Amino acid sequence: MASPSFCLFAALLALVSWQAIASDPSPLQDFCVADKHSPVLVNGFACLDPKYVTADHFFKAAMLDTPRKTNKVGSNVTLINVMQIPGLNTLGISIARIDYAPLGQNPPHTHPRATEILTVLEGTLHVGFVTSNPNNTLFSKVLNKGDVFVFPVGLIHFQFNPNPHQPAVAIAALSSQNPGAITIANAVFGSKPPISDEVLAKAFQVEKGTIDWLQAQFWENNHY
């Protein structure tokens, strides 16, 4: 039978281990500017030698106050992540401006590596997210100027401008320097090479001709 001291040690070890994997470790230095030319492969980017770091590594003249042209689904996502600002490396944050045409939408998508918090700057948005299986519960809300909504990490979500006459604008912050985006329709019907129409017809319970028509469409990316 294990001694009480051993049981206490095991319990403390389990507690410490759980805390260690529950979140990222604390930074060990002030910053880790991304060295995009480093041959070292890590989860993210290797650090640029601090003696070569300048203020410009933390800056971008992004003109996020300037309206953007929208695409055929009626939106334009201007994402500022570690690819645009190397100083974001390891900091776990990025930002995006989203422009919506009248009746435009940011179609159902997911960010595999980030929670998103969205603020409406202009106009009105109908937003929502869907929980995971088996419930697939929809949480949705109509937002007006100044309203804020949160999309939990990894869950499918969307934004739609219900106004047929006025555009809308939002700013989103994401909890990753490289949040990623998977637009559902683009991934399912626009994959390269395409997913078998037999597989998709069975999954969506439709005729293969319907799948073939969907796969023949041009699935435009709205992230720029």
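Note: Cβ is positioned from N, Cα and C throughout, glycine not excepted.
Under the heading signal peptide, TrEMBL lists 1-22.
Every protein chain shown contributes to the tally, and the Cβ of Cys47 (disulfide bond) ends up with 18 other Cβ atoms within 10 Å. Marked as disulfide bond by TrEMBL: Cys32-Cys47.
For 62-212, the entry in TrEMBL reads domain 'Cupin type-1'. Over the domain 'Cupin type-1' (62-212), the average per-residue pLDDT in this prediction is 96.
In sequence order, Val73, Ser75, Val77, Ile98, Tyr100, Phe158, Gln159, Phe160, Asn222 are the residues of the chain that are 6 or more apart from Asn106 (oxalate binding site) and have a CB within less than 8 Å of its CB. Here TrEMBL flags Asn106, His111, Glu116 as oxalate binding site.
What TrEMBL lists as Mn(2+) binding site is His109, His111, Glu116, His157. Long-range Cβ contacts of His111 (oxalate binding site) within its own chain (separation 6+, distance under 8 Å): Phe151, Val153, Gly154, Leu174, Ser176, Pro179, Gly180, Ala181, Ile182.
Each residue contributes its Cα atom, and for Cys32 (disulfide bond) and Glu116 (oxalate binding site) these two points are 23 Å apart.
Taking the Cβ of Glu116 (oxalate binding site) as centre and 10 Å as the limit, one finds 22 other Cβ atoms among all the protein chains shown.
The distance from the Cα of Cys47 (disulfide bond) to the Cα of Glu116 (oxalate binding site) comes to 26 Å. Between the C-alpha atoms of His109 (Mn(2+) binding site) and Glu116 (oxalate binding site), the distance comes to 12 Å. Distance from the CA of Glu116 (oxalate binding site) to the CA of His157 (Mn(2+) binding site) is 10 Å.
Take the mean position of the Cβ atoms of His109, His111, Glu116, His157, the recorded Mn(2+) site; other residues of that chain with a Cβ within 8 Å of it are Thr110, Ala114, Phe129, Phe151, Leu155, Ile156, Pro179, Ala181.
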